[in-house]
Amino acid sequence: VRLYARPDAIRRGSGDYALHITKRLIEFYEDYFKVPYSLPKLDLLAVPKHPYAAMENWGLSIFVEQRILLDPSVSSISYLLDVTMVIVHEICHQWFGDLVTPVWWEDVWLKEGFAHYFEFVGTDYLYPGWNMEKQRFLTDVLHEVMLLDGLASSHPVSQEVLRATDIDRVFDWIAYKKGAALIRMLANFMGHSVFQRGLQDYLTIHKYGNAARNDLWNTLSEALKRNGKYVNIQEVMDQWTLQMGYPVITILGNTTMENRIVITQQHFIYDISAKTKALEPRNNSYLWQIPLTIVVGNRSHVSSEAIIWVSNKSEHHRIAYLDKGSWLLGNINQTGYFRVNYDLRNWRLLVDQLIRNHEVLSVSNRAGLIDDAFSLARAGYLPQNIPLEIIRYLSEEKDFLPWHAASRALYPLDKLLDRMENYNVFNEYILKQVATTYIKLGWPKNNFNGSLVQASYQHEELRREVIMLACSFGNKHCHQQASTLISDWISSNRNRIPLNVRDIVYCTGVSLLDDDVWEFIWMKFHSTTAISEKKILLEALTCSDDRNLLNRLLNLSLNSEVVLDQDAIDVIIHVARNPHGRDLAWKFFRDKWKILNTRYGEALFMNSKLISGVTEFLNTEGELKELKNFMKTYDGVAAVSFTRAVETVEANVRWKMLYQDELFQWLGKALRH
């Protein structure tokens, strides 16, 4: 195993980490798949410019520098995680993709879904206490892809490819993330050990050849059969891979007979009106075979898990132990690719359970409930106050994952409201939920003894999440702390800011302090050589409240001498996330579209990332009109991304019209009590 990079990176030891884990990962995969690595060597190549994060050529994987080089003295845990997962992903491809290759492009999602799923399994092997597959997968894959796949403009993971130009289209987040989520669902309902044996058989049968998804389904069905279970995996998985979107299951209790429930399924769509326009004829018939796991609980006790396969539009079931004071919970640990809604009585019981003793529910269940509630409310399936009532228990929450899920769910809501005049009511409510934990956890001490990985990952990530919420929603103490740290760095020219919160401190400092800080960060961006540090310095510059500085930065971003091509996109997107810069980034994007499209049109993810990043938080009638007019003048490859953008903005406008007042009324009441 060898690693090639620019001489100064090798001298600094920036490649050592990647080299070390690659060796361990080859051993992990050989043991897991029971198929040895197929070549005499594996080379890793770090390059300054590459259209993708990485590419798994057989025996010679290529990585863009910021996804493989790691400087332990200046890297945060999230950067370390990023690098680790890209390496785990590419090495998985040496088996899934290189040794066994999909027959045709429509099954790209198979190799990508597997490699993406194994990012979590492989990282768990390297860092056993981190619980990636059971926990972090939810916030980083499942919750994220369900946002995309809840649009009427989504598509199935398996897409027909008839022309060469169709190929680019099949590499998108649906293929990677939904692919991974479906594979995780499959592994969980089969049982991990049977699933593993099935994969071993599949790779042994098809090595040095091509295989299609049905070959995999048949091998997995066989593995189940040997275990005395009969499930036709192809029949189940075809519904999940050939239909777009996913279901929302609704579980309704029966008021007259205690242990009876009604379970219904329907296609979940964020913007119900988009559904009626685009989908009526073909999608009313969408049905899935859904492995619904259920538990029943009350204040002191939770039943063991039962599984119900739901395959009809509506079904009646009898549930043991279900009485007046008990609640139901479906999709245990969110292993399934669907959402679950309940009657209001059950939601109230769940909220009550969280507030009295949240630990009766597992960490993943708490995170799943939070995300489902915010998404169901966003789409109008649930009153707006339920998700905000759920997060009231957070002051007692000591685990990272539910905080992370809440933070990610609050983000789009925050962006819908951040230009409103009564925004401060929302702001105040969130700060109230964060205050206790922020005071309890405090700030990290600085540690330069390279103990990055030894530090308890969960604890450090929790502290980081809470500091981020406190600083971005304007906690006074958090603002003071960030300003002090930045001022100390400027006056002493020694950066003593703890690694894991540097990005938060830089961003907060730039937004609060004067132009001198901006100039100082700009200077540091130019002089630093550490790749991870460069990235967060550049992003911090987008946090300014000064529109002139934001415009200056946007204009500089297209100068390749100053900002790397792949980083310019991040600059534009981050300016769009800043309420002071949203309209500037949107205007800049339209003015410079020809240049941007020429530059990124060919690179698979970049164009769609840019289009969604600049438009996803536009939410006024005027902005929607601008978007539609702009689209008329451009057709071409980006058409799919623009359709998705229009649907997202329409949903934003509609949500504000229908639900914003209800939300503010409830918040006002909640703050008075």
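Just so you know, glycine gets a Cβ as well, placed from its N, Cα and C.
Note: TrEMBL annotation is automatic and uncurated.
Database features (TrEMBL):
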type	residues	note
DOMAIN	17-240	domain 'Peptidase M1 membrane alanine aminopeptidase'
BINDING	His89, His93, Glu112	Zn(2+) binding site
ACT_SITE	Glu90	active site, proton acceptor
SITE	Tyr176	site 'Transition state stabilizer'
DOMAIN	327-649	domain 'ERAP1-like C-terminal'
Checklist line | Euclidean distance between Cα atoms of Tyr176 (site 'Transition state stabilizer') and His93 (Zn(2+) binding site), Å | finding: 13
Item checked: Rounded to the nearest Å - Cα separation of Glu90 (active site, proton acceptor) and Tyr176 (site 'Transition state stabilizer') -> 13
Next item on the list: Rounded to the nearest Å, what's the C-alpha distance separating Tyr176 (site 'Transition state stabilizer') and His89 (Zn(2+) binding site)? Just drop the number here, would you?
Entry: 11
Item checked: Cβ within 8 Å of the mean position of the Cβ atoms of His89, His93, Glu112: remaining residues of the chain near Zn(2+) -> Glu56, Glu90, Cys92, Phe96, Gly97, Lys111, Phe114, Ala115, His116, Phe118, Tyr176
Next item on the list: Determine the most Cβ-crowded residue among the recorded positions Glu90, His93, Tyr176, using a 10 Å radius around each Cβ and all protein chains in the structure.
Entry: Glu90
Checklist line | Cβ-Cβ distance under 8 Å to His89 (Zn(2+) binding site), same chain, at least six residues away | finding: Ala54, Ala115, His116, Phe118, Glu119
Checklist line | Protein Cβ atoms within 10 Å of Glu112 (Zn(2+) binding site), excluding its own | finding: 27
